[in-house]
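Here the structure is laid out as structure tokens; the discussion comes afterwards.
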Ligand SMILES: Cc1cc2nc3c(=O)[nH]c(=O)nc-3n(C[C@H](O)[C@H](O)[C@H](O)COP(=O)(O)OP(=O)(O)OC[C@H]3O[C@@H](n4cnc5c(N)ncnc54)[C@H](O)[C@@H]3O)c2cc1C
């Protein structure tokens, strides 16, 4: 799509864009229904969405408009603004691209020494093999993300989520998944007769059908009221009418246990079998976005403070020499995660309600451990992708697709399950994962391991400080319930975007949607709650390209869409890339 086509189209009108005050109930509905919809849709990959009983509880009323924006861009502005985007994750990069295409002057400040945030592809310097430390799959329903990739010329291919030859090993029983699909009771769970003979996903679907029915019978609002206070565990055992052994099975085999005590609607269902991935690695997405930008992207530039004035905002960022550098903008778009935003000093301070919403975000940890092998021994077991499950600490083992090397995602854990790897030295973490792989594939793996691997613990990443948001249940209702915070409303000149500001949490597409919404608002020039400071300072724009480019402490991110060089990328203390002689 050429730039000229992107410009000059009418700005789509977003119906019901700003939820007026007092519509907390509506907001909660908008929150819950889409999560349930995505949960159910992702469970049943054969589902015809038009037949879905929840279809009438439409979520994302602006989805088609956002799709248009990602395809055609925004109206070219007549009042270009100086915009500082905080964070070069996918949200920040997408917003920057759309805004600069519309004619605004955009500068991105990124705390890390790389772009991409929680999109982070490991490229092995020795073998060239890749491993996704963050996002790795996109559900087929994420049309906006598919369109974004398409517009950037990225190729997508199938992410192999399931291979019938993979293993499930629990309760000292090890079975191929083609057996578990048909007879999960063989794993030693005392299932009820009606639960026997169904795959774990089928059992989960069985429980979810009750929620679907309630949405049909009660209507969206009443059903939402009913479910939003429940944990996943409460729902499965109560409304879902599953036996305790069946719930245990879902916890062990589908790694649902990490979400048992979190909100039922908020608990993520990563069970879809129709996923895509980006050919060559997910980091090609942020790299392609970067190369489409014209404004500066400053790495190693953590924003530490912001001061709002009547007509502008000053942003302070730290330099590597412990100095502060000040930039000025008309508008700031903040895409850093909740914990990262909490570390920024705001003057005037953020409203109490907003601070509460930030504190109310519940991030679950997520940890990935990759092991490098001399050859893909899983081919001997006829595995061409998919994942094995175990109730050992490693929980899920994902196999790379054929012809893509022998870098194995030996463990992917989230929420409470990630605790098994917390606090371990990198060597200990690698060896723990290796032990679990050996339990499934036999002691031969000890000989085939080439002694290298990588451990990524997102809870310990200083920039994200967590994996992704999964909220606990709503325990009380009030008009200003913190869980219903409307992040679409800016605070003075400060706008918000990022995975935590839209629904369903924890997806790349969610971050993209939030970025597009913020960009639409910024482009339309809307301003909201004015901060109290009204000091009239002379307009002073210090953020232009040349003054920043002169900075000795910041590095401009390189613009080229080719894959990054195969060199060690992990100098950060929270990411460990180890060679051991083990
Ligand atoms: C292990 C894991 C697996 C995942 N798997 C998938 C998946 O398969 N599919 C999927 O769709 N999604 C997945 N996700 C979720 C997805 O990665 C995120 O939702 C998405 O990447 C978030 O993008 P973002 O731009 O909102 O935030 P981020 O990517 O976190 O970007 C925020 C940026 O802000 C920067 N920053 C922070 N503080 C400051 C500061 N003070 N100043 C300047 N910059 C700052 C950070 O360094 C970061 O670059 C996964 C996430 C994890 C952790």
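From the backbone N, Cα and C atoms, a Cβ is placed for every residue, glycine too.
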FAD site partner of 110, 111, 134, 135, 136, 137, 499 (as recorded in TrEMBL), chosen from 303, 313, 331, 332: 303
Other CB atoms within 10 A, centred on residue 110 (FAD binding site): 30
Residues near residue 134 (FAD binding site) in space but at least six apart in sequence (CB under 8 A): 116, 117, 118, 119, 120, 282, 456, 458
Chain-internal residues near residue 136 (FAD binding site), provided their CB is under 8 angstroms and they sit 6+ positions away: 159, 277, 282, 398
Pairwise Cα distance maximum in Å, FAD-binding residues per record: 110, 111, 134, 135, 136, 137, 303, 499: 30
Distant-in-sequence Cβ neighbours of residue 111 (FAD binding site), under 8 Å, six or more positions away: 87, 300, 301, 302, 303, 336, 340, 463
